[in-house]
Amino acid sequence: MVEMHEMVPGKRFDRYHELGQHAFGERLGLYIVVPQQLIVEVGVCIVYMVTGGKSLKKFHDTVCTDCKNIKLTYFIMIFASVHFVLSQLPNLNSISGVSLAAAVMSLSYSTIAWGASVDKGKQEGVEYGYRAPTTAGTVLGFFGALGDVAFAYAGHNVVLEIQATIPSTPEKPSKKPMWRGVVVAYIIVALCYFPVALVGYWAFGNAVQDNVLISLEKPRWLIAMANMMVVVHVIGSYQIYAMPVFDMLETLLVKKLHFPPGFALRLIARSTYVAITMFLGMTFPFFSGLLGFFGGFAFAPTTYFLPCVMWLSIYKPRKFSLSWITNWICIILGLLLMILSPIGGLRQIIIDAKTYKFYS
């Protein structure tokens, strides 16, 4: 996608749907890309609402052990209140500071998570076998886990919007600094994910929580700090994924429905979107199941195989060349992911829903 951003001399594809329209045609490109991109971005925002609320609750419960129990619903509302303010920032450039803070927090709380797990050590009676007692449960859990992994790489959906903020000239095209940014980003992703996954599983085995920080209790001050770092991280991430939705929403309202552009439109449209994602997060706070479901249903197409289909459509590499084979492997794996992961995620949501009370 970084390479395709400026593939046509003198033109930049600043939006995912613009690249889709170039690859598939004006109307078909919109119909293929926009619905899936919206599902991804709205899905991420809902999951971040749940994550932010749960981390705030964990912070409260860790700091104030004798306090009265407060419903998760209220913490999600507190988390959403920040976004009613931040959503009024005009564009991606204006949230660069928030985004940087989110990236630093991500690396920091990941380090705390695996460091505290090492300090806590291997738990007594830890089990490393499958969590589900049946073969069917194990297979479906595996499908859901694939969706969790897919969810972790949702950044592809906003990569063109991010690259659009980088200045570009024929002598210094934007893809050069963007490539460096992508490589550094994935090194940081590896530093965040692998130690947490390996050390967390070593310490807690199959009893580890969806969010490893919830499995950790001591030292209390450190776990409280890590949960606040998670909150800062998801505040920044929510804004990055919400910004393209705001852009689409406001363009639709101005161009199609002839609303006058301005602060009033931005305030009403963006606040309404934040309120909707808050309501859905409060109603369905199933972190693991939502990850698996959205990860497969929407993230697999836009992240794993749509870019490959576009590449084949536009560049038309020679059959059975390395580029052709690599793209087709990604397309097949992406399709399998799209079909299988939502099954596992939906099963996890159904299991969680059996014991769940609305707005508890």
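Backbone N, Cα and C define each Cβ position, glycine as well.
Under the heading domain 'Amino acid transporter transmembrane', TrEMBL lists 2-344.
Residues annotated as transmembrane segment in TrEMBL: 28-51 (among others).
Per TrEMBL, the feature transmembrane segment maps to 72-89 (among others).
What TrEMBL records for 95-116 (among others) is transmembrane segment.
What TrEMBL records for 182-204 (among others) is transmembrane segment.
Summarising the annotation, TrEMBL assigns transmembrane segment to 224-246 (among others). Outside the transmembrane segment (224-246) by six or more residues, the chain places 15-16, 37-38, 40-42, 44-45, 48-49, 51-52, 55-56, 58-59, 62-63, 79, 82-83, 86-87, 89, 91-92, 95, 98-103, 105-106, 108-109, 112-113, 116, 154, 157-158, 161, 211, 213, 266, 269-270, 273-274, 277 with a CB less than 8 A from a CB of the stretch.
The feature transmembrane segment is assigned by TrEMBL to 267-287 (among others). Residues 42, 45-47, 49-51, 53-54, 72-73, 76-77, 80, 83-84, 87-88, 210-211, 242, 245-246, 249-250, 253, 348-349, 352-353, 356, 358-359 of the same chain lie 6 or more positions beyond the ends of the transmembrane segment (267-287) yet place their CB under 8 Å from a CB of it.
What TrEMBL lists as transmembrane segment is 293-315 (among others).
Residues or ranges marked as transmembrane segment by TrEMBL: 327-350 (among others).
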**Report entry** Cβ contacts under 8 Å made by the transmembrane segment (72-89) with residues that lie 6+ beyond its boundaries
**Finding:** 49-50, 52-54, 56-57, 60, 95, 98, 231, 234-235, 238-239, 242, 246, 266-267, 270-271, 273-275, 277-278, 281-282, 285, 359-360
Query raised in the report: Excluding the flanking five residues on each side, which residues at least 6 beyond the ends of the transmembrane segment (182-204) place their CB within less than 8 Å of a CB in that stretch?
Result: 2, 103, 106-107, 110-111, 113-114, 117-118, 120-123, 126, 128, 152, 155, 159, 212, 215
Report task. Go through the chain and flag residues at least 6 beyond the ends of the transmembrane segment (28-51) whose CB is under 8 A from any CB in it; none is fine as an answer. Result -> 16-17, 19-22, 76, 79-80, 151, 154, 157-158, 211, 230, 234, 237-238, 241-242, 244-245, 248, 277-278, 280-282, 284-287, 290-291, 294, 297-299, 301-303, 306
